[in-house]
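Marked as NAD(+) binding site by Swiss-Prot: Arg12, Ile13, Asn318. Feature annotation from Swiss-Prot assigns substrate binding site to Ser154, Cys155, Thr156, Arg200, Thr213, Lys214, Arg236; the stated evidence is sequence analysis. The active site, nucleophile annotation in Swiss-Prot covers Cys155. Per Swiss-Prot, the feature site 'Activates thiol group during catalysis' maps to His182.
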Amino acid sequence: MAIKLAINGFGRIGRNIVRALYESGLSNEIKIVAINELADPEAIAHLLKYDTSHGRFFFPVKLGEDTISVAGDAIALFCEPNPAELPWKTLGVDVVLECTGVYHSREHAQLHLTAGAKKVLFSHPADNDVDATIVYGINDDELKPEHTIVSNGSCTTNCVVPVIKVLDDAFGIESGAITTIHASMNDQPVIDAYHHDLRRTRAASQSIIPVDTKLARGIDRILPKFKGRFEAIAVRVPTINVTAMDLSVTVNTDVDLNAVNNALKAQAKDRLEGILSYTAEPLVSIDFNHDPHSCIIDGTQTRVSHKRLIKLLVWCDNEWGFANRMLDTARAMVALEKITNIK
């Protein structure tokens with residue numbers, strides 16, 4: 001029986017989830033049964049079909065009366081500001097993918113459960129009162145059947161945490177520092193405009209812009225042993241997609257460049273296949289656009305100083321990679337419930 005998903009908020013991540021589902025060939029196993037979005041339906045259909053970052057969607061999209069169809073699959077379309085009023089029970093929704101970026105607490109997620117959904121998965125970091133924060137491939141084994149409200153973390157935690165885990169397992173990490181070099185986002189203006197963050201009042205295409213980040217806190221949630229041992233800063237750069245992470249860690253044992261790259265390459269072919277990738281080609285950010293991995297190591301940029309300080313450059317498509325992990329985590333949540341029901 002197919003997994004039934006609903007998407008609340010059809011922005012960058014919501015639309016990429018639908019595209020990723022159909023491009024991955026999983027649309028028979030997973031069905032999007034509903035989308036709730038306050039925007040104009042014609043704009044919803046148009047932006048699903050045509051995307052500046054990811055190109056044209058080659059599955060047919062048609063807008064109907066209160067529906068949007070993809071490859072002939074009808075998806076109910078709602079414009080409901082109150083999630084508690086959505087017909088999730090009638091539609092048999094297994095998991096709501098909460099992609100508005102507005103809701104972040106257990107109280108907010110409860111609105112979807114009240115409407116009849118079985119589970120909720122946030123597409124962004126949530127408050128501490130959720131059942132779990134998951135970075136797929138690292139701690140998804142901590143999911144439990146009784147977990148009804150889960151966060152998928154952020155694109156940056158999904159990018160950096162697998163790398164930290166590999167390095168710690170191989171060499172033992174003492175501490176670390178990270179600079180996120182992030183593509184522009186939709187909270188930045190095209191030309192100077194008002195914003196509560198004075199740096200984000202400035203035109204996105206004209207500056208490298210420092211922004212606040214809670215990445216270090218996100219690492220603590222996934223890997224509690226590192227609480228207080230990582231610091232992070234972030235800047236936004238004038239590109240529209242693909243992010244780079246400048247990761248520096250000090251380790252407990254002497255290492256060299258080859259040992260570091262070999263450890264990462266080995267895990268990319270083993271336990272973290274599909275999550276972690278490795279390249280030694282002379283690539284630039286656009287080359288990682290539409291890459292489904294959570295993180296891609298640029299082996300040409302690995303550096304080791306005084307045998308114990310490692311510096312890495314890690315790439316990710318902050319939209320496409322994360323959208324794929326949303327599908328992975330949603331599948332895992334439903335699979336656990338089905339196993340429990342069989343027992």
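Including glycine, each Cβ sits where the backbone N, Cα and C put it.
Keep in mind that what you see is a predicted model, and the values were worked out from it rather than measured.
Sequence features annotated in Swiss-Prot and their locations in the structure.
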residue	record	DSSP class
Arg12	NAD(+) binding site	helix
Ser154	substrate binding site	coil
His182	site 'Activates thiol group during catalysis'	strand
Arg200	substrate binding site	helix
Lys214	substrate binding site	coil
Arg236	substrate binding site	strand
Asn318	NAD(+) binding site	coil
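Distances between the Cα of Lys214 (substrate binding site) and those of the recorded positions Arg12, Ile13, His182, Asn318 are shortest for His182. Sequence-distant neighbours of Asn318 (NAD(+) binding site) (same chain, 6+ apart, CB under 8 A from its CB) are Cys155, Thr156, Cys159, His182, Ala183, Asn241, Val242, Thr243. For Ile13 (NAD(+) binding site), the nearest of the binding-site residues by C-alpha distance turns out to be Ser154; the candidates were Ser154, Arg200, Thr213, Arg236. Cα spacing between Thr213 (substrate binding site) and Arg12 (NAD(+) binding site): 20 Å, rounded to the nearest whole number.
For the substrate site listed in the record, the two most distant Cα atoms among Ser154, Cys155, Thr156, Arg200, Thr213, Lys214, Arg236 lie 20 Å apart. All protein chains considered, the CB of Arg236 (substrate binding site) has 23 other CB atoms within 10 Å. Taking all protein chains in view, 26 other C-beta atoms sit within 10 angstroms of the C-beta of Thr156 (substrate binding site). Ser154 (substrate binding site) has a Cβ environment of 21 other Cβ atoms inside 10 Å. Considering only the recorded positions Arg12, His182, Arg200, the Cβ with the fewest other Cβ atoms within 10 Å is that of Arg200. Our reading of the NAD(+) binding annotation (Arg12, Ile13, Asn318) yields a largest Cα to Cα distance of 10 angstrom.
Arg236 (substrate binding site) sits 17 Å from Arg12 (NAD(+) binding site), counting Cα to Cα. Counting only the Cα atoms, the space from Arg200 (substrate binding site) to Arg12 (NAD(+) binding site) is about 19 angstrom. Apart from the site residues Arg12, Ile13, Asn318, the chain places the Cβ of Gly11, Asn16, Ser123, Cys155, Glu319, Phe322, Ala323 no farther than 8 Å from the centroid of the site's Cβ atoms, the recorded NAD(+) location.
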